[in-house]
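So the structure is just underneath, and the comments pick up after that.
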Amino acid sequence: MKKKWFLILLSLGILSIIGINLFLIFNPNSSLSSLTNVRVIQVEKQQISDTLIASGVVTPSDEERIFIDEAMGSVKDLFVYEGQEVMKGTELFRYDEEEIRSKVTLLEIAKTRLSLELEQHREKLDNLEADFKHNLKDTSLVEESIRQAGKARKELERQVKYTMLSIKENEMQMESLLKKKDNLIVKSSISGIVKKVTRNRNRAGTEAQEPIIHLVSNEPYKVKGTITEFDSVFVKAGQPVKVKSKVLSSEMWEGKVKSIQLSPSQSGINSGLEKKESVTSYPFEVALMDKRAGLQEGYHVSVEIQIKAKDNVFTLPHDATFVQDSKEFVFIVVDNMLQKKEITIGLMNDQFKEVLTGVNEGDIVVRQPKIDWKEGLEVKVDVATS
């Protein structure tokens, strides 16, 4: 019986305490109900950077497209296959040697024929001189002999020069063919992966414009893109870059600006003319620093270029400050009371502002303050954010 009464009294006591607390909270005259709950952040020193966002396309860091040299003839053997990894100097394919040999033979025959023609022209010159001396014995034919001999001599000398030029041309063609004979085997100039091999090519038609072998470097990718003339003045080679793929939005790759061209892209010029705009685009390249899997050639990516950075500075999120009368302020919580502080801002990015003056390390700053709050207002700090 005593235990039963004890439990009844205990339950009544708990209900009374709960009722009193609810009364204090919801009673308009209670001090607890009038306190304003605030979210806060503590002032700390950290790095802040100003970034510029651009877009680009993933491309190989290097590539080689090898086309068939029509002067070398047809391809006899292919030594590589698609997907194969090759080193610089790897043998890729070999031209048919028989075609080179045939051309060399034809040039040798042509040279022999030209040599015979040259010899014949020179013999005619010698005979012309002998005939001229013989005709001088007849004094009545001297004038006519001189005229005819001069004309014939000029024609033969012209033929000699023409034949000698043809022999020189023949020798140069022979020299070129002999060099090509030493280069019948084509080798890779880069290390990488064989991306495409075009077998059984017909040397006529559209395929003539396609490479027989396409190699891409296995070094980290690079990103090519364009930026406007307004942004181009801030971008320099060597600036850190973060790259995010639109396909793999949770992944990020780091790199550096490799180059930015001083001359505008032709597409940027044409686009501006078509739209009657006065903004020009400039091409840039980013070299990625790692080989992590995920990115593929042709992916469209966003490029975040760090154009400025400061270490060990006071920073606050954008929602912790407010503007009043063209000045920027924050509310600091001291002993549950608000203190209004004017601040000066330095570097900014999409998330944070650098605070040059007005706050100290460790200050508790209110987030999402209201402009109509007054200094000295008593507040209740949200424990989860302090």
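Please read every residue number as a count from 1 along the shown chain.
A Cβ is built for glycine as well, from the same backbone N, Cα and C atoms used for every other residue.
Automatic, uncurated: that is what TrEMBL annotation is.
Note that the coordinates shown come from a computational prediction; the quantities given were computed from them, not determined experimentally.
Coiled coil is the annotation TrEMBL gives to one range among 111-138, 195-222, 335-362, and that range is 111-138.
In the domain 'YknX-like C-terminal permuted SH3-like' (314-381), helix, strand and coil residues by DSSP number 3 helix, 41 strand, 24 coil.
Confidence across the domain 'YknX-like C-terminal permuted SH3-like' (314-381), taken as the mean pLDDT and rounded to a whole number, stands at 93. With DSSP states grouped into helix (H, G, I), strand (E, B) and coil, the domain 'YknX-like beta-barrel' (221-305) comes out at 13 helix, 35 strand, 37 coil.
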